[in-house]
Amino acid sequence: MASPRLETYCCPNRDAATQLVLNFQPEVFCGVCIGSASVSVLLTVLQLLPKKGQILRKMPKASSSSTILLLISVCDILGGLGVIFRSSVWLGFPGFVTNISVVNGTDMWPSAFCVGSAMWIQLLYSAGFWWLFCYAVDSYLVVRRSAGLSTIVLYHMMAWGLAVLLCVEGLALLYYPSLTSCEKGLEHAIPHYITTYAPLLLVLVVNPILFRRTVSAVASLLKGRQGIYTENERRLGTEIQMRFFKIMLVFIVCWSSNIVNESLLFYLEMQPDINEMPLKNIRSAALITWIIMGILNPMQGFLFTLAFYGWTGCRVDLKWQKREIPWESMSSSTVGENAYPSPVNYQTSLHDPKKLTTTDSQQTDEAISMLSEGNTSGDDRLTRSSPIYQGW
């Protein structure tokens with residue numbers, strides 16, 4: 001699981017609320033985290049492996065959207081491995097972890113493990129949040145025809161750069177002046193919590209807005225492609241909308257418990273004594289949501305692959321081939337069952353109105369195809385060979 005409380009626990013003078021949740025049935029909690037993360041990592045890898053019977057075709061380059069989806073899954077897998085490693089050490093060597101409470105600093109290995117493992121988990125999940133935000137931005141730009149393969153470099157800089165920057169900044173403020181003498185108080189820990197939850201809240205607030213605008217733009221593109229809005233166009237627009245809905249649903253289900261838990265713990269921290277009887281229900285709710293976090297946070301990776309690609313099956317093809325994700329057919333009237341659009345010569349098209357119209361239609365098809373990538377619900381499939389896919 002990913003929580004700023006894991007980093008706070010590394011301080012010897014940790015607050016009472018952090019002590020409450022991390023000392024609550026640690027064996028059960030670590031076992032739950034290991035089980036959930038192990039299942040998620042295994043199923044995520046299974047989802048991403050090539051399957052027998054899939055359409056395979058050598059492709060020059062992947063689109064920015066498919067790259068982003070893959071990177072989100074990679075972040076979830078690596079983050080899940082960090083959860084497994086940290087929980088396994090806590091479960092197998094409880095005496096090693098309790099040495100974190102030593103204030104004299106004679107043995108720094110427990111503290112180094114605590115900080116390193118917590119930072120690994122936070123960094124990978126935070127990077128996943130930023131990549132999910134980049135996916136929403138890219139989807140909108142693709143429909144507006146303002147994104148290409150070159151944009152992926154900017155996404156890398158933003159996702160990894162901001163994740164590292166916020167993670168390092170938050171930990172530096174938390175462990176000031178040193179790990180063995182962290183300053184105590186909410187005002188000292190709040191910057192760390194802000195840097196942890198900022199990307200999460202960004203996805204919760206901004207991504208639905210970008211997805212809604214993208215769906216509206218897709219509807220306009222579909223109407224303008226042939227001048228009519230047929231049942232095929234309506235179905236395709238609905239599928240894209242459902243895909244965005246599934247992505248946000250998985251994100252909200254997996255991370256809403258973190259926001260609730262953090263709110264409860266902050267409330268407890270502001271009380272003079274968190275063990276008072278009137279606060280019993282608050283303490284119970286905080287402990288329950290803490291266990292829920294251990295289950296749902298690591299499961300994000302597998303649930304996201306279901307939202308991205310659907311269930312891809314268990315028949316793994318171990319032969320090494322470059323796999324292509326099936327593309328949803330635009331419509332039977334414009335693209336045949338085995339049709340492959342060819343790259344467009346834009347200079348020639350400028351002098352030929354008919355070719356220019358074909359180019360615009362093809363660009364529209366490419367934009368819609370990009371958004372419906374990985375969708376296997378339809379009957380027709382399109383293997384795309386486009387400027388976006390091949391590079392401009």
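Residue 1 is the first one shown; counting continues down the chain.
Yeah, the Cβs are placed from backbone N, Cα and C, and that goes for glycine too.
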Exercise for the section: Give the range, chosen from 349-370, 371-392, that TrEMBL lists as region 'Disordered'. Expected result: 371-392
Fill in the blank from the handout: Maximum Cβ pairs under 8 Å to the transmembrane segment (28-49) among 153-178, 190-211, 244-267, 287-311 is reached by 287-311
Problem - Intrachain residues whose Cβ lies under 8 Å of the transmembrane segment (153-178), provided they are six or more past its termini - result: 4, 7-8, 10-11, 64, 68, 71, 115, 119, 122-123, 126-127, 129-131, 134, 137-138, 188-189, 191-196, 198-199
